[in-house]
Amino acid sequence: MEKALMLFLAVSLLSLGHTDGKENAETLLKERTKRQIPKTLTVTTILEKPFAMKTESDALEGYAIDLLSELTQSLGFNYTLHIVKDGKYGSKDQEGNWSGMVGEIIRKEADLAIAPLTITSVRENAISFTKPFMQTGIGILLKKDTAAESSYMFGFLNPFSKELWIGIIISYVITSLCLFLVGRLSPCEWTEPASEQNQFTLLNSLWYGVGALTLQGAEPQPKALSARIIAVIWWVFSITLLAAYIGSFASYINSNTNQTPNIQSVEDLLKQDKLDFGTLSNSSTLNFFKNSKNPTFQMIYEYMDKRKDRVLVKTFSEGVQRVRESNYAFLGESISQDFVVAKHCDLIRAPEMIGGRGYGIAAELDSPLIRPLTIAILELFESGKLEYLRQKWWENTCSTQDQTGWVPVQPHTLGGIFLILGIGLALGLIVSFMELMCKSRSNAEQQKKSCCSAFSEEIAQRFGKTQNQEGLEKKSPTSNSCDEVKA
(Lines of atoms letter the chains of each structure in order from A and count residues from 1; the text may use other names and numbers.)
(Lines give C-alpha, C1' and ligand atoms only; values in the text may rest on other atoms or scores of the structure.)
Protein backbone atom coordinates (compact mmCIF):
# COMPACT_ATOMS: atom_id res chain seq x y z
CA MET A 1 0.00 0.00 0.00
CA GLU A 2 2.80 2.40 0.90
CA LYS A 3 4.63 1.56 -2.34
CA ALA A 4 1.52 2.31 -4.39
CA LEU A 5 1.07 5.63 -2.61
CA MET A 6 4.69 6.58 -3.20
CA LEU A 7 4.36 5.65 -6.90
CA PHE A 8 1.24 7.83 -7.23
CA LEU A 9 3.01 10.81 -5.62
CA ALA A 10 6.02 10.37 -7.90
CA VAL A 11 3.84 10.33 -11.04
CA SER A 12 1.97 13.43 -9.83
CA LEU A 13 5.20 15.32 -9.24
CA LEU A 14 6.50 14.35 -12.68
CA SER A 15 3.25 15.51 -14.34
CA LEU A 16 3.35 18.78 -12.44
CA GLY A 17 6.94 19.29 -13.45
CA HIS A 18 6.09 18.56 -17.08
CA THR A 19 3.22 21.07 -17.02
CA ASP A 20 5.32 23.71 -15.33
CA GLY A 21 8.10 23.07 -17.81
CA LYS A 22 5.73 23.49 -20.73
CA GLU A 23 4.31 26.73 -19.35
CA ASN A 24 7.80 28.00 -18.61
CA ALA A 25 8.88 27.15 -22.16
CA GLU A 26 5.98 29.14 -23.60
CA THR A 27 6.77 32.06 -21.30
CA LEU A 28 10.43 31.95 -22.25
CA LEU A 29 9.51 31.86 -25.95
CA LYS A 30 7.34 34.95 -25.57
CA GLU A 31 10.06 36.75 -23.64
CA ARG A 32 12.62 35.77 -26.25
CA THR A 33 10.31 37.05 -29.01
CA LYS A 34 9.86 40.36 -27.23
CA ARG A 35 13.63 40.73 -26.84
CA GLN A 36 14.01 40.33 -30.63
CA ILE A 37 11.82 43.38 -31.21
CA PRO A 38 13.25 46.84 -30.50
CA LYS A 39 11.46 48.80 -27.82
CA THR A 40 10.43 51.53 -30.26
CA LEU A 41 9.61 51.00 -33.93
CA THR A 42 9.02 53.55 -36.67
CA VAL A 43 5.83 52.71 -38.54
CA THR A 44 4.65 54.18 -41.83
CA THR A 45 1.11 54.05 -43.21
CA ILE A 46 -1.03 55.73 -45.85
CA LEU A 47 -4.27 57.66 -45.60
CA GLU A 48 -6.78 55.15 -46.93
CA LYS A 49 -10.29 54.63 -45.61
CA PRO A 50 -10.97 52.74 -43.41
CA PHE A 51 -7.38 51.65 -42.69
CA ALA A 52 -6.03 55.04 -41.63
CA MET A 53 -8.06 58.25 -41.39
CA LYS A 54 -7.53 61.59 -39.72
CA THR A 55 -9.91 62.73 -37.02
CA GLU A 56 -10.87 66.35 -36.32
CA SER A 57 -7.94 66.59 -33.91
CA ASP A 58 -5.53 65.29 -36.60
CA ALA A 59 -5.14 61.98 -34.78
CA LEU A 60 -5.19 58.77 -36.79
CA GLU A 61 -7.83 56.08 -36.53
CA GLY A 62 -8.86 53.07 -38.57
CA TYR A 63 -8.40 49.35 -39.06
CA ALA A 64 -4.61 49.56 -39.44
CA ILE A 65 -4.31 51.72 -36.32
CA ASP A 66 -6.35 49.25 -34.26
CA LEU A 67 -4.32 46.36 -35.66
CA LEU A 68 -1.11 48.13 -34.67
CA SER A 69 -2.45 48.63 -31.14
CA GLU A 70 -3.28 44.92 -30.84
CA LEU A 71 0.23 44.01 -31.98
CA THR A 72 1.85 46.33 -29.44
CA GLN A 73 -0.17 44.70 -26.65
CA SER A 74 0.81 41.24 -27.83
CA LEU A 75 4.52 41.89 -28.49
CA GLY A 76 5.18 44.73 -26.05
CA PHE A 77 6.78 47.40 -28.23
CA ASN A 78 6.24 51.14 -28.64
CA TYR A 79 6.01 52.92 -31.95
CA THR A 80 6.08 56.26 -33.71
CA LEU A 81 3.66 56.53 -36.59
CA HIS A 82 3.80 58.80 -39.63
CA ILE A 83 2.07 59.14 -43.00
CA VAL A 84 4.12 58.14 -46.03
CA LYS A 85 5.64 61.31 -47.47
CA ASP A 86 4.81 60.85 -51.16
CA GLY A 87 1.37 59.32 -50.50
CA LYS A 88 2.13 56.15 -52.48
CA TYR A 89 2.10 52.46 -51.70
CA GLY A 90 5.33 51.62 -53.45
CA SER A 91 6.45 50.90 -57.00
CA LYS A 92 9.80 50.57 -58.73
CA ASP A 93 10.79 53.07 -61.41
CA GLN A 94 12.94 52.44 -64.47
CA GLU A 95 16.11 53.15 -62.49
CA GLY A 96 15.22 50.55 -59.88
CA ASN A 97 14.32 53.02 -57.12
CA TRP A 98 11.27 52.37 -54.98
CA SER A 99 8.68 54.97 -54.04
CA GLY A 100 6.07 55.08 -51.30
CA MET A 101 6.05 52.95 -48.18
CA VAL A 102 8.20 50.27 -49.81
CA GLY A 103 10.87 52.89 -50.51
CA GLU A 104 10.80 54.10 -46.91
CA ILE A 105 11.31 50.54 -45.67
CA ILE A 106 14.25 49.99 -48.04
CA ARG A 107 15.85 53.34 -47.10
CA LYS A 108 15.30 52.45 -43.41
CA GLU A 109 13.16 55.51 -42.87
CA ALA A 110 10.61 53.14 -41.32
CA ASP A 111 10.80 49.74 -39.62
CA LEU A 112 7.28 48.63 -40.52
CA ALA A 113 4.56 49.50 -43.01
CA ILE A 114 1.03 48.75 -41.80
CA ALA A 115 -1.48 49.58 -44.51
CA PRO A 116 -3.51 47.94 -47.30
CA LEU A 117 -0.20 47.00 -48.91
CA THR A 118 -0.63 44.14 -51.37
CA ILE A 119 1.78 41.22 -51.21
CA THR A 120 3.31 40.80 -54.68
CA SER A 121 6.31 38.91 -56.05
CA VAL A 122 8.03 42.14 -57.10
CA ARG A 123 7.74 43.63 -53.62
CA GLU A 124 8.78 40.34 -51.98
CA ASN A 125 12.12 40.64 -53.77
CA ALA A 126 12.74 44.01 -52.12
CA ILE A 127 11.11 43.68 -48.69
CA SER A 128 9.62 41.00 -46.43
CA PHE A 129 5.94 40.50 -45.61
CA THR A 130 4.10 38.79 -42.79
CA LYS A 131 1.30 36.35 -43.48
CA PRO A 132 -1.76 38.24 -44.81
CA PHE A 133 -3.96 39.86 -42.19
CA MET A 134 -6.70 40.38 -44.79
CA GLN A 135 -7.63 38.80 -48.12
CA THR A 136 -8.76 40.89 -51.07
CA GLY A 137 -8.91 40.96 -54.87
CA ILE A 138 -9.58 43.28 -57.79
CA GLY A 139 -13.16 44.53 -58.03
CA ILE A 140 -15.12 46.92 -60.24
CA LEU A 141 -16.63 49.96 -58.53
CA LEU A 142 -19.65 51.40 -60.34
CA LYS A 143 -22.32 54.01 -59.91
CA LYS A 144 -25.71 52.35 -59.58
CA ASP A 145 -27.50 54.20 -62.36
CA THR A 146 -24.72 53.31 -64.82
CA ALA A 147 -24.24 49.80 -63.43
CA ALA A 148 -27.82 48.81 -64.15
CA GLU A 149 -28.01 50.52 -67.50
CA SER A 150 -29.38 47.92 -69.91
CA SER A 151 -31.67 47.50 -72.87
CA TYR A 152 -35.13 48.63 -71.80
CA MET A 153 -36.63 47.25 -75.01
CA PHE A 154 -36.82 43.83 -73.35
CA GLY A 155 -37.16 45.05 -69.78
CA PHE A 156 -40.56 43.35 -69.54
CA LEU A 157 -38.72 40.01 -69.44
CA ASN A 158 -36.71 40.94 -66.33
CA PRO A 159 -39.33 39.95 -63.67
CA PHE A 160 -38.57 36.28 -64.40
CA SER A 161 -35.12 34.73 -64.66
CA LYS A 162 -33.98 33.17 -67.94
CA GLU A 163 -34.31 29.70 -66.47
CA LEU A 164 -37.91 30.38 -65.44
CA TRP A 165 -38.83 31.68 -68.90
CA ILE A 166 -37.38 28.53 -70.45
CA GLY A 167 -39.40 26.42 -68.00
CA ILE A 168 -42.60 28.29 -68.88
CA ILE A 169 -42.09 27.81 -72.62
CA ILE A 170 -41.38 24.10 -72.16
CA SER A 171 -44.45 23.74 -69.93
CA TYR A 172 -46.62 25.50 -72.51
CA VAL A 173 -45.46 23.23 -75.33
CA ILE A 174 -45.88 20.05 -73.26
CA THR A 175 -49.35 21.09 -72.06
CA SER A 176 -50.48 21.87 -75.61
CA LEU A 177 -49.21 18.49 -76.79
CA CYS A 178 -51.00 16.74 -73.91
CA LEU A 179 -54.21 18.57 -74.76
CA PHE A 180 -53.80 17.52 -78.39
CA LEU A 181 -53.25 13.87 -77.37
CA VAL A 182 -56.22 13.87 -75.01
CA GLY A 183 -58.37 15.38 -77.75
CA ARG A 184 -57.37 12.49 -79.99
CA LEU A 185 -57.74 9.74 -77.40
CA SER A 186 -60.93 10.68 -75.58
CA PRO A 187 -64.13 9.52 -77.33
CA CYS A 188 -65.99 12.50 -75.87
CA GLU A 189 -63.96 14.84 -78.09
CA TRP A 190 -65.14 12.97 -81.24
CA THR A 191 -68.81 13.95 -81.05
CA GLU A 192 -68.76 16.50 -83.85
CA PRO A 193 -70.75 16.00 -87.06
CA ALA A 194 -69.13 13.75 -89.62
CA SER A 195 -68.18 16.75 -91.76
CA GLU A 196 -65.91 18.16 -89.01
CA GLN A 197 -62.64 16.86 -87.66
CA ASN A 198 -61.68 16.61 -83.99
CA GLN A 199 -61.80 20.11 -82.44
CA PHE A 200 -58.46 19.88 -80.57
CA THR A 201 -56.09 19.98 -83.50
CA LEU A 202 -52.46 20.85 -82.76
CA LEU A 203 -53.01 24.47 -83.75
CA ASN A 204 -56.17 24.76 -81.64
CA SER A 205 -54.37 23.20 -78.67
CA LEU A 206 -51.55 25.75 -78.93
CA TRP A 207 -54.08 28.57 -79.23
CA TYR A 208 -56.02 27.36 -76.20
CA GLY A 209 -52.84 27.46 -74.09
CA VAL A 210 -52.13 31.05 -75.15
CA GLY A 211 -55.70 32.08 -74.35
CA ALA A 212 -55.39 30.72 -70.82
CA LEU A 213 -52.04 32.46 -70.27
CA THR A 214 -53.61 35.81 -71.19
CA LEU A 215 -56.75 35.06 -69.12
CA GLN A 216 -58.85 35.17 -72.29
CA GLY A 217 -61.23 32.29 -72.93
CA ALA A 218 -60.32 30.52 -76.15
CA GLU A 219 -62.25 28.13 -78.35
CA PRO A 220 -62.67 25.21 -78.49
CA GLN A 221 -63.95 24.32 -75.03
CA PRO A 222 -63.05 20.84 -73.70
CA LYS A 223 -65.87 18.33 -73.30
CA ALA A 224 -64.12 15.22 -72.02
CA LEU A 225 -63.25 14.82 -68.35
CA SER A 226 -59.60 14.21 -69.20
CA ALA A 227 -59.37 17.38 -71.32
CA ARG A 228 -61.10 19.39 -68.60
CA ILE A 229 -58.59 18.16 -66.00
CA ILE A 230 -55.70 19.42 -68.14
CA ALA A 231 -57.54 22.68 -68.89
CA VAL A 232 -58.23 23.36 -65.19
CA ILE A 233 -54.63 22.61 -64.16
CA TRP A 234 -53.31 24.85 -66.94
CA TRP A 235 -55.63 27.69 -65.88
CA VAL A 236 -54.43 27.37 -62.26
CA PHE A 237 -50.83 27.38 -63.51
CA SER A 238 -51.49 30.44 -65.69
CA ILE A 239 -53.21 32.45 -62.95
CA THR A 240 -50.41 31.71 -60.46
CA LEU A 241 -47.81 32.61 -63.06
CA LEU A 242 -49.50 35.90 -63.95
CA ALA A 243 -49.87 36.85 -60.29
CA ALA A 244 -46.15 36.22 -59.74
CA TYR A 245 -45.24 38.16 -62.88
CA ILE A 246 -47.38 41.18 -61.99
CA GLY A 247 -45.96 41.29 -58.46
CA SER A 248 -42.37 40.95 -59.64
CA PHE A 249 -42.85 43.47 -62.44
CA ALA A 250 -44.28 46.04 -60.02
CA SER A 251 -41.32 45.46 -57.70
CA TYR A 252 -38.95 45.73 -60.66
CA ILE A 253 -40.34 49.12 -61.65
CA ASN A 254 -40.61 50.60 -58.17
CA SER A 255 -37.48 49.18 -56.56
CA ASN A 256 -33.91 50.23 -56.98
CA THR A 257 -33.01 47.99 -59.89
CA ASN A 258 -29.43 49.27 -59.70
CA GLN A 259 -28.73 46.54 -57.15
CA THR A 260 -28.23 44.05 -60.00
CA PRO A 261 -25.61 45.67 -62.23
CA ASN A 262 -25.47 44.96 -65.92
CA ILE A 263 -21.66 45.13 -65.63
CA GLN A 264 -20.86 41.77 -64.06
CA SER A 265 -17.22 41.26 -65.03
CA VAL A 266 -14.20 42.83 -66.73
CA GLU A 267 -15.37 41.22 -69.98
CA ASP A 268 -18.53 43.33 -69.79
CA LEU A 269 -16.39 46.47 -69.55
CA LEU A 270 -14.75 45.62 -72.86
CA LYS A 271 -18.11 44.95 -74.54
CA GLN A 272 -19.52 48.43 -73.83
CA ASP A 273 -18.48 51.93 -74.87
CA LYS A 274 -20.43 54.15 -72.45
CA LEU A 275 -18.11 53.84 -69.45
CA ASP A 276 -14.44 54.70 -69.18
CA PHE A 277 -12.57 52.46 -66.76
CA GLY A 278 -9.22 52.73 -65.05
CA THR A 279 -7.27 52.19 -61.85
CA LEU A 280 -4.53 53.68 -59.69
CA SER A 281 -1.38 54.63 -61.57
CA ASN A 282 1.73 52.67 -60.52
CA SER A 283 -0.38 50.26 -58.46
CA SER A 284 -0.37 46.51 -58.00
CA THR A 285 -3.72 46.38 -59.79
CA LEU A 286 -2.23 48.00 -62.89
CA ASN A 287 0.77 45.67 -62.73
CA PHE A 288 -1.55 42.67 -62.43
CA PHE A 289 -3.16 43.47 -65.78
CA LYS A 290 0.20 44.41 -67.28
CA ASN A 291 1.87 41.11 -66.38
CA SER A 292 -1.13 38.83 -66.95
CA LYS A 293 -1.08 36.28 -69.77
CA ASN A 294 -4.87 36.25 -69.95
CA PRO A 295 -5.93 37.81 -73.30
CA THR A 296 -8.88 39.61 -71.69
CA PHE A 297 -6.69 41.12 -68.97
CA GLN A 298 -4.13 42.14 -71.58
CA MET A 299 -6.87 44.00 -73.48
CA ILE A 300 -7.84 45.73 -70.23
CA TYR A 301 -4.26 46.90 -69.74
CA GLU A 302 -3.91 48.06 -73.36
CA TYR A 303 -7.11 50.09 -73.00
CA MET A 304 -5.85 51.80 -69.83
CA ASP A 305 -2.31 52.30 -71.14
CA LYS A 306 -3.49 54.04 -74.32
CA ARG A 307 -5.75 56.36 -72.30
CA LYS A 308 -3.62 56.64 -69.16
CA ASP A 309 -3.87 60.43 -68.97
CA ARG A 310 -7.66 60.12 -68.91
CA VAL A 311 -8.46 56.92 -67.03
CA LEU A 312 -5.66 56.46 -64.47
CA VAL A 313 -6.02 58.23 -61.12
CA LYS A 314 -3.47 59.17 -58.48
CA THR A 315 -5.42 58.21 -55.35
CA PHE A 316 -8.21 55.85 -54.40
CA SER A 317 -10.37 58.78 -53.28
CA GLU A 318 -10.00 60.36 -56.70
CA GLY A 319 -11.16 57.13 -58.32
CA VAL A 320 -14.25 56.99 -56.08
CA GLN A 321 -15.06 60.63 -56.83
CA ARG A 322 -14.83 60.02 -60.58
CA VAL A 323 -17.19 57.05 -60.31
CA ARG A 324 -19.77 59.18 -58.48
CA GLU A 325 -19.50 62.20 -60.76
CA SER A 326 -19.02 60.73 -64.25
CA ASN A 327 -19.43 57.64 -66.41
CA TYR A 328 -16.44 55.84 -64.98
CA ALA A 329 -15.72 52.36 -63.58
CA PHE A 330 -12.88 52.04 -61.10
CA LEU A 331 -10.79 48.87 -60.88
CA GLY A 332 -9.19 48.47 -57.48
CA GLU A 333 -8.90 46.53 -54.24
CA SER A 334 -12.28 44.97 -53.50
CA ILE A 335 -11.94 45.36 -49.74
CA SER A 336 -11.54 49.14 -50.05
CA GLN A 337 -14.41 49.26 -52.53
CA ASP A 338 -16.64 47.38 -50.08
CA PHE A 339 -16.00 50.14 -47.55
CA VAL A 340 -17.06 52.98 -49.85
CA VAL A 341 -20.09 50.95 -51.00
CA ALA A 342 -21.10 50.56 -47.34
CA LYS A 343 -20.85 54.33 -46.83
CA HIS A 344 -22.12 55.62 -50.20
CA CYS A 345 -25.44 54.06 -51.13
CA ASP A 346 -25.23 55.29 -54.73
CA LEU A 347 -22.28 52.97 -55.42
CA ILE A 348 -22.05 49.24 -56.00
CA ARG A 349 -19.33 46.68 -56.62
CA ALA A 350 -19.74 44.24 -59.50
CA PRO A 351 -20.06 40.58 -58.42
CA GLU A 352 -16.85 39.35 -60.06
CA MET A 353 -13.58 39.56 -58.13
CA ILE A 354 -10.31 38.59 -59.82
CA GLY A 355 -6.67 38.34 -58.83
CA GLY A 356 -7.02 37.17 -55.24
CA ARG A 357 -4.24 38.53 -53.04
CA GLY A 358 -3.57 39.53 -49.45
CA TYR A 359 -2.52 42.54 -47.36
CA GLY A 360 0.56 42.05 -45.21
CA ILE A 361 2.74 44.03 -42.83
CA ALA A 362 6.03 44.95 -44.50
CA ALA A 363 9.52 45.13 -43.01
CA GLU A 364 13.03 45.18 -44.45
CA LEU A 365 14.24 42.11 -46.29
CA ASP A 366 14.89 39.13 -43.98
CA SER A 367 13.88 41.17 -40.95
CA PRO A 368 13.69 39.29 -37.61
CA LEU A 369 10.45 41.17 -36.96
CA ILE A 370 8.49 39.14 -39.53
CA ARG A 371 8.17 35.87 -37.60
CA PRO A 372 6.88 37.30 -34.28
CA LEU A 373 4.52 39.61 -36.17
CA THR A 374 3.19 36.68 -38.21
CA ILE A 375 2.59 34.62 -35.07
CA ALA A 376 0.78 37.55 -33.45
CA ILE A 377 -1.41 38.01 -36.56
CA LEU A 378 -2.34 34.32 -36.55
CA GLU A 379 -3.25 34.54 -32.86
CA LEU A 380 -5.48 37.55 -33.57
CA PHE A 381 -7.13 35.63 -36.40
CA GLU A 382 -7.75 32.54 -34.28
CA SER A 383 -9.20 34.60 -31.44
CA GLY A 384 -11.66 36.35 -33.78
CA LYS A 385 -10.13 39.77 -33.16
CA LEU A 386 -9.44 40.43 -36.84
CA GLU A 387 -13.04 39.61 -37.75
CA TYR A 388 -14.25 41.96 -35.02
CA LEU A 389 -12.11 44.79 -36.43
CA ARG A 390 -13.43 44.03 -39.92
CA GLN A 391 -17.04 44.31 -38.77
CA LYS A 392 -16.25 47.46 -36.79
CA TRP A 393 -14.78 49.43 -39.68
CA TRP A 394 -16.89 48.02 -42.54
CA GLU A 395 -20.24 48.63 -40.89
CA ASN A 396 -22.91 49.28 -43.51
CA THR A 397 -24.75 52.58 -43.09
CA CYS A 398 -27.15 52.14 -46.02
CA SER A 399 -30.79 51.36 -45.31
CA THR A 400 -32.14 47.82 -45.49
CA GLN A 401 -34.05 48.71 -48.65
CA ASP A 402 -30.83 49.84 -50.32
CA GLN A 403 -29.08 46.63 -49.33
CA THR A 404 -31.82 44.21 -50.29
CA GLY A 405 -32.55 45.29 -53.84
CA TRP A 406 -34.65 43.43 -56.38
CA VAL A 407 -34.00 40.04 -57.90
CA PRO A 408 -35.99 38.23 -60.62
CA VAL A 409 -38.22 35.30 -59.71
CA GLN A 410 -36.26 32.05 -59.82
CA PRO A 411 -37.57 28.58 -60.83
CA HIS A 412 -37.36 27.17 -57.30
CA THR A 413 -39.77 29.87 -56.10
CA LEU A 414 -42.53 28.51 -58.35
CA GLY A 415 -41.39 24.90 -58.24
CA GLY A 416 -44.63 23.78 -56.57
CA ILE A 417 -46.88 24.99 -59.37
CA PHE A 418 -44.71 23.23 -61.96
CA LEU A 419 -45.04 20.01 -59.94
CA ILE A 420 -48.83 20.38 -59.78
CA LEU A 421 -48.94 20.98 -63.53
CA GLY A 422 -46.94 17.81 -64.17
CA ILE A 423 -49.25 15.76 -61.93
CA GLY A 424 -52.32 17.24 -63.66
CA LEU A 425 -51.00 16.44 -67.13
CA ALA A 426 -50.21 12.86 -66.13
CA LEU A 427 -53.67 12.47 -64.57
CA GLY A 428 -55.36 13.86 -67.69
CA LEU A 429 -53.51 11.41 -69.95
CA ILE A 430 -54.36 8.47 -67.68
CA VAL A 431 -58.06 9.41 -67.64
CA SER A 432 -58.10 9.78 -71.44
CA PHE A 433 -56.66 6.26 -71.82
CA MET A 434 -59.31 4.97 -69.43
CA GLU A 435 -62.02 6.69 -71.48
CA LEU A 436 -60.69 5.12 -74.65
CA MET A 437 -60.46 1.69 -73.00
CA CYS A 438 -64.09 1.95 -71.90
CA LYS A 439 -65.11 2.86 -75.44
CA SER A 440 -62.99 0.00 -76.86
CA ARG A 441 -64.61 -2.51 -74.49
CA SER A 442 -68.05 -1.32 -75.55
CA ASN A 443 -67.13 -1.67 -79.24
CA ALA A 444 -65.62 -5.10 -78.59
CA GLU A 445 -68.87 -6.33 -77.05
CA GLN A 446 -70.92 -4.95 -79.94
CA GLN A 447 -68.61 -6.24 -82.69
CA LYS A 448 -67.66 -9.45 -80.80
CA LYS A 449 -63.92 -8.70 -80.89
CA SER A 450 -61.23 -8.86 -78.27
CA CYS A 451 -60.65 -5.72 -76.19
CA CYS A 452 -57.02 -5.50 -77.35
CA SER A 453 -58.06 -5.66 -81.00
CA ALA A 454 -60.73 -3.01 -80.52
CA PHE A 455 -58.31 -0.78 -78.58
CA SER A 456 -55.62 -1.10 -81.26
CA GLU A 457 -58.17 -0.25 -83.93
CA GLU A 458 -59.30 2.85 -82.03
CA ILE A 459 -55.68 4.02 -81.62
CA ALA A 460 -54.89 3.45 -85.30
CA GLN A 461 -58.01 5.32 -86.42
CA ARG A 462 -57.38 8.31 -84.13
CA PHE A 463 -53.75 8.80 -85.20
CA GLY A 464 -54.18 7.73 -88.83
CA LYS A 465 -54.70 9.87 -91.89
CA THR A 466 -57.61 12.20 -92.50
CA GLN A 467 -59.67 9.57 -94.27
CA ASN A 468 -59.29 7.27 -91.27
CA GLN A 469 -60.49 10.08 -89.03
CA GLU A 470 -63.54 10.63 -91.21
CA GLY A 471 -64.20 6.91 -91.14
CA LEU A 472 -64.02 7.03 -87.35
CA GLU A 473 -66.47 9.90 -87.21
CA LYS A 474 -68.94 8.08 -89.45
CA LYS A 475 -68.42 4.86 -87.54
CA SER A 476 -68.78 6.42 -84.06
CA PRO A 477 -72.30 7.46 -83.02
CA THR A 478 -72.54 11.21 -82.52
CA SER A 479 -75.13 11.03 -79.80
CA ASN A 480 -73.98 8.38 -77.38
CA SER A 481 -70.18 8.07 -77.52
CA CYS A 482 -69.67 10.05 -74.30
CA ASP A 483 -72.74 8.45 -72.72
CA GLU A 484 -71.26 5.02 -73.31
CA VAL A 485 -68.03 6.02 -71.59
CA LYS A 486 -69.89 7.54 -68.65
CA ALA A 487 -72.06 4.45 -68.37
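Along the chain as shown, the residues are counted starting at 1.
Yeah, the Cβs are placed from backbone N, Cα and C, and that goes for glycine too.
Taken straight from Swiss-Prot:
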| type | residues | note |
| --- | --- | --- |
| COMPBIAS | 477-487 | compositional bias 'Polar residues' |
| CARBOHYD | ASN78 | N-linked glycosylation site |
| CARBOHYD | ASN97 | N-linked glycosylation site |
| CARBOHYD | ASN282 | N-linked glycosylation site |
| REGION | 464-487 | region 'Disordered' |
| SIGNAL | 1-17 | signal peptide |
| TOPO_DOM | 184-228 | topological domain 'Cytoplasmic' |
| TOPO_DOM | 435-487 | topological domain 'Cytoplasmic' |
| TRANSMEM | 163-183 | transmembrane segment |
| TRANSMEM | 229-249 | transmembrane segment |
| TRANSMEM | 414-434 | transmembrane segment |
> Which of ASN78, ASN97, ASN282 (the glycosylation sites) has the most other Cβ atoms within 10 Å?
Replying inline: ASN282
>> Going by DSSP, is ASN78 (N-linked glycosylation site) sitting in a helix, a strand, or coil?
In response: strand
> Cβ under 8 Å to the transmembrane segment (229-249), counting only same-chain residues 6 or more beyond its ends: which ones?
Replying inline: 156, 159-160, 168, 171, 175, 178-179, 182, 208-209, 212-213, 215, 222, 408-409, 413-414, 417-418, 420-421, 423-425, 427-428, 431
> Expressed to the nearest Å, what is the distance separating ASN282 (N-linked glycosylation site) and ASN97 (N-linked glycosylation site) at their Cα atoms?
Replying inline: 13
> Over the topological domain 'Cytoplasmic' (184-228), what is the model's average pLDDT?
Replying inline: 74
